[in-house]
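Copied over from TrEMBL:
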type: ACT_SITE; residues: T171; note: active site, nucleophile
type: BINDING; residues: R199, V200, G201, D202, T222, G223, H224, G225; note: substrate binding site
Amino acid sequence: MLSDMLPVVVVHGGAGFVPRQRSELSVSGVCSAAGSAYGILKGGGSSMDAVVNAVTLLENNPAFNAGIGSVLNVRGDIEMDALVMDGKTLASGAVSAVRNIANPTQLARLVMEKTSHACLTAEGASQFARAMGIPEVPVESLITDYSRMRWQKNLAADANPVECQMGKMGTVGAVAVDTEGNIACATSTGGMLNKMVGRVGDTPCIGSGGYADNNIGAVSTTGHGETIMKVTLARLILFNMEKGQSVEAASDSGLALMKSRVDGLGGVITVDPQGHWAARFSSLQMAWAAAQSDTLHYGLYTGEHFTQNIDDPESHYPKYKA
Ligand code: ASP
């Protein structure tokens, strides 16, 4: 029998430190994405439709490091990665190093649905997008003043882009369970600040940037990609759940292992088939929001958990007091 806790959707806006002046933007962004995706689930829509909707909205929001607002590589260019996974069939689709596309997650979904492959990269991904009728956008239209400013700062000889990014991430992701008990995840990112040209991170790698399995649950991750990949963080957390741990304990022990074993910080959102969910992080902050039983939950700092009725007219734009 299906749980009365369904449907549920959880969204994150990246692990790290959100500068004070961007806190409200980040929290209202994840809240409105969760609210919109929840509307899809309540209307009987699928978990895949819900996670792609949430992540598309966050890609279109310049406050996050995905789609418009993506961080720049060392050449001042954008190369984005995205992943979706369907927990019913274990089908997945991903794109890496894509440049001229506003919504890499939608392209990742097409890779899953329309090709026999799991990941397309760079020029091949662009050709596929063209064949699917996805409009090309100029890379400049995805670059914000903020991302250009951070790129320039990190070109200085004494800069440490990885340290700097541990301060200010903004990768986005969503996990959901629909009324039929189907589970899905989606994750999208511009990657790491001033990364090498051609660098591909954890996000499009199944098991690292995300994983979904109707029998266990789903996870979407964020944090330093090179360390997330070393512990295959998303699959590690689901493994912990298979061993009987709760969504919260499994997420915390996955993040703790990543910290102790490879000195990495990050964040995750996790659901199980009953609709239990968690938003956990070892970084200073992670903007997150969840929608379940007509209640919107959200937070930014460790230990924070605000709630309000989803139908509250203010609910999609809560006043976050930094
Ligand atoms: N995991 C992403 C990457 O390494 C970055 C992030 O989550 O902020 O590409």
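All positions are counted from 1 along the displayed chain.
Cβ atoms here come from the backbone N, Cα and C positions, even for glycine.
Curation does not apply to TrEMBL; its annotations are automatic.
Taken residue by residue with DSSP, G225 (substrate binding site) is part of a helix. Note: the CA-CA distance between the residue listed as 'active site, nucleophile' and T222 (substrate binding site) rounds to 6 Å. Only D202, T222, in sequence order, out of the binding-site residues R199, V200, D202, T222 have a CB under 6 Å from ligand 1. For G201 (substrate binding site), the number of other Cβ atoms no farther than 10 Å from its own Cβ, over all displayed protein chains, is 23.
Annotation note: V200 (substrate binding site) sits in a coil segment as assigned by DSSP. The local packing around G225 (substrate binding site), expressed as other Cβ atoms within 10 Å of its Cβ over all shown chains, amounts to 27. The Cβ neighbour count for V200 (substrate binding site), using a 10 Å radius and every protein chain shown, is 19. DSSP gives T171 (active site, nucleophile) a coil state; it is part of no helix or strand. Looking only at the binding-site residues R199, H224, the densest Cβ neighbourhood within 10 Å occurs at H224. One residue stands out among the binding-site residues D202, T222, G223 for having the most other Cβ atoms within 10 Å of its Cβ: T222.
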